[in-house]
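Chemist: Structure below; questions to follow.
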Amino acid sequence: MSYGREDTTIEPDFIEPDAPLAASGGVADNIGGTMQNSGSRGTLDETVLQTLKRDVVEINSRLKQVVYPHFPSFFSPSDDGIGAADNDISANCDLWAPLAFIILYSLFVSHARSLFSSLFVSSWFILLVMALHLRLTKPHQRVSLISYISISGYCLFPQVLNALVSQILLPLAYHIGKQNRWIVRVLSLVKLVVMALCLMWSVAAVSWVTKSKTIIEIYPLALCLFGMAWLSTIL
């Protein structure tokens with residue numbers, strides 16, 4: 001039994017004449033260039049050291065916006081500067097720096113004891129309370145709750161310095177001169193002065209960047225920050 005030739009012939013796929021092979025090469029080149037450009041902007045091909053360095057630089061730049069320059073201008077802030085800084089900060093919020101500050105604060109105050117977990121949870125709770133207060137007292141501002149948590153977390157940087165001085169540096173000086181009663185009194189006075197300065201710094205920063213000007217807006221924030229400052233002083 002024989003079959004016709006057309007029964008065993010497989011026709012080739014039809015290729016449109018207006019789709020030249022060179023076009024496919026151009027598309028491939030474009031795709032490759034796009035992938036190369038996106039890969040150069042990614043973080044998968046960089047080392048851990050480069051990633052940490054980039055994160056530290058970004059945290060430092062946000063500290064300049066939130067904390068560094070605003071302490072002298074607390075009593076006479078500029079509305080234009082506040083608006084520009086607020087828009088930039090609320091648009092680029094992160095929780096890496098607040099997490100790092102809370103970990104450092106808890107380590108300094110607890111001395112890596114079992115108190116660390118309580119301080120860690122309490123610090124996040126304080127940040128949440130501050131963020132909720134800002135969100136409720138400023139309903140007209142288009143700032144999310146996460147942004148307020150991030151801003152409040154950056155304002156904990158002076159409290160980290162307070163914990164470092166009160167719990168690490170001053171105790172070392174105390175052990176060196178503990179035989180002299182005057183040195184002990186001076187160190188206690190220095191601890192209170194450092195606590196007051198860092199508390200004013202934190203309150204000034206969070207008030208400036210969130211445009212909080214009335215007592216109703218500032219007092220709860222100052223009370224939360226005072227609790228953290230007092231814990232790092234007495235523990």
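Placement of Cβ uses the backbone N, Cα and C atoms for every residue, glycine included.
Predicted, not measured: the structure shown is a model, and the values here were computed from it.
This is the feature table in Swiss-Prot:
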type     : residues : note
TRANSMEM : 89-109   : transmembrane segment
TRANSMEM : 114-134  : transmembrane segment
TRANSMEM : 145-165  : transmembrane segment
TRANSMEM : 186-206  : transmembrane segment
TRANSMEM : 215-235  : transmembrane segment
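Explain the structural surroundings of these features, please.
Modeler: Distant neighbours of the transmembrane segment (215-235): 105, 108-110, 115, 119, 123, 126, 129-130, 133-134, 137-138, 152, 155-156, 159, 162-163, 166-167, 191-192, 195, 198-199, 202-203, 206-207; these residues of the same chain sit at least 6 beyond its ends, with a Cβ under 8 Å from one of its Cβ atoms.
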Chemist: Using a Cβ cut-off of under 8 Å, list the residues of the same chain at least 6 residues beyond the transmembrane segment (186-206) that approach it.
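Modeler: Sequence-distant neighbours of the transmembrane segment (186-206): 66-67, 70-71, 74, 130, 151-152, 154-159, 161-162, 165-166, 170, 173-174, 177, 212, 218, 221-222, 225-226, 229-230, 232-233.
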